[in-house]
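> According to TrEMBL, the domain 'O-antigen ligase-related' annotation covers 219-357. Residues or ranges marked as transmembrane segment by TrEMBL: 61-78, 90-108, 120-140, 147-167, 187-205, 217-249, 255-273, 349-366, 386-419.
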Amino acid sequence: MVWPEPSTFRKKGKGSPRPFWHHITDSPGDRVTRFIKTLTDERTFYVLFSVFVFNMPFSEALKEIFLVLSFLLIVIHLRDRAYEPAPRILILGLPVFIFALSSLLSALHSINTHQALRGFWGDLETLMSWVVFAGAFLLFPDRTRTLRISLVALAAGLAAGAAVGLYKMVALGDPNMEMMNLGDKNSSAQFISTSFLLFLGAWTLPKLSGLTGRFFLPVLLLLSGSLILCHSRAFLISLPVASAALLLLGRHWKILVGTLAAMAAGAALLYSLSPHLRWEMASVIAPARDGSFTSRYETWAGALRIFHDHPLLGVGPDTFQMANIHKIYHLPDYASHGHNIFFNLLGEYGLLGVLSFALILFLWSGRVLRDKDPSETGRLLKGLTVGFLLNLLLAGLAHPMWGGSFSLLFMFIMAYVLVTEERIGPGQGERSVLHSVPVFGRHR
């Protein structure tokens, strides 16, 4: 038997012979080029991206790690394409960049600089998430695939977080649902309610994600049950109102009637079976009679005292709970934040932060609502925008509605709405770009 020379080992039909040790003999430049090609493979990005989205409601450490990795991959993709979509990412998200700058200035101005810089890191994460989400929708224009991956990963993360929260309620005796990475019951409720609006909107137009009611219905039921177990009254008002607005603007009359009927039936059942929830619902009608709501007045007065001393930049992001701030401005012991979206921003970020945040909401809503596109997609974008804003502002009467994973979900919804709205603007129509690599389903 005559053995072939090692240099002729090759796969059948794969071009010219190469020695099996050719990777060892490649130059450093070739290895770097091959490594960069691996990083710019869409599948590499989507794997890291899906892990990041999964951990938004589940693990803080993993969320941060995979957010940074996803951000770096987006930067590499932008460099590989000569930064072609970078101006769109900057222009569409310019208020987010301005808010991050105001957060940095506020942190550097704070008397609690170390803690304030930690708070700024949270706002920097929000900025990175904007780049990741907007970049994913702009660099990979098959939005159906990107949205499908995001929704599946987010649903899995919510299910995992809810399982941990339920275990803590049953085994450890916690009175409220507190998801793995979402903090207390109110932080969990604001993330869950916003996720509910996202999944509800996607359900009304399944062609945008390629997912059916068999996926959406169990997720919506899971989110509804988790939100009830959070025992957060503000969202008992904000979510039904926001959901109704979303469905009204989308003209989904049957889903609107079914959703409102299900909410009313569920509320009646819980009112009759649970004394605790009965008290929660009764206090919603007359919040001024509830001591936990009126006690917020003292915190709001403290925020105004902070604004009087630091009108432009506040005392720094995430410093409301610091002992010296409590002592100087006579804040109550429980005031870990402003207990109101406006007063929280005013106290921690000052007037510059309030105006920057208002600019985010104003430019987003103005861009979408002024569009006269009558298509189903256009109506959905308007519904998502109005529903999100109603949930944010109504629940924001009692909660800060900013920071943590909620801010990242905020950026996801805004990025999807703005990028999609830009693609279906007047005279453009729906555009779909084929990809070289199929990931999680066929191309559209």
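In case you wondered, yes, glycine gets a Cβ from its N, Cα and C as well.
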> Applying the under-8 angstroms CB criterion, which one of 120-140, 187-205, 217-249 scores highest with the transmembrane segment (386-419)?
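Result: 217-249.
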> Mind checking which residues of the chain, 6+ beyond the ends of the transmembrane segment (147-167), have their Cβ under 8 Å from one of its Cβ atoms?
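Non-local partners: 46, 49-51, 53-58, 174, 177-182, 188, 192, 195, 198-199, 202, 208-211, 215, 219, 222-223, 226, 229, 412, 416, 439-441.
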> Which sequence positions outside the transmembrane segment (217-249), separated from its termini by at least 6 residues, show Cβ-Cβ distances below 8 Å to it?
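Distant Cβ neighbours of the transmembrane segment (217-249) are 155, 158-159, 162, 165-166, 169, 175-179, 185-186, 188-190, 192-193, 195-197, 199-201, 203-204, 255-256, 259-260, 263, 266, 270, 276-277, 280-281, 283-284, 287, 290, 379, 382-384, 386-388, 390-391, 394-395, 397-399.
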> Based on Cβ pairs under 8 Å, which of the stretches 90-108, 120-140, 187-205, 255-273 lies most in contact with the transmembrane segment (349-366)?
90-108
> Under an 8 Å Cβ to Cβ limit, what residues of the same chain, 6 or more beyond the ends of the transmembrane segment (255-273), are close to it?
200, 203-204, 224, 228, 240, 243-244, 247-248, 281
> In the predicted model, what is the mean pLDDT computed over the domain 'O-antigen ligase-related' (219-357)?
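The average pLDDT of the model in the domain 'O-antigen ligase-related' (219-357) works out to 86.
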> Can you tell me which recorded stretch out of 61-78, 120-140, 187-205 has the most Cβ pairs within less than 8 Å of the transmembrane segment (90-108)?
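Stretch with the highest Cβ contact count: 120-140.
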> Restricting to the same chain and to residues at least six past its boundaries, which positions have a Cβ under 8 Å from a Cβ of the transmembrane segment (187-205)?
56-57, 147, 151, 154-155, 158, 165, 177-179, 211, 213, 216-217, 219-220, 223-224, 226-227, 230, 232, 234-235, 238-239, 242-243, 246-247, 250, 252, 255, 259, 376-377, 380, 383-384, 387-388, 391, 395, 399, 401, 404-406, 409-410, 412-413
> If you run through the domain 'O-antigen ligase-related' (219-357) with DSSP, how many residues end up as helix, strand and coil?
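Going through the domain 'O-antigen ligase-related' (219-357) residue by residue, I get 106 helix, 0 strand, 33 coil.
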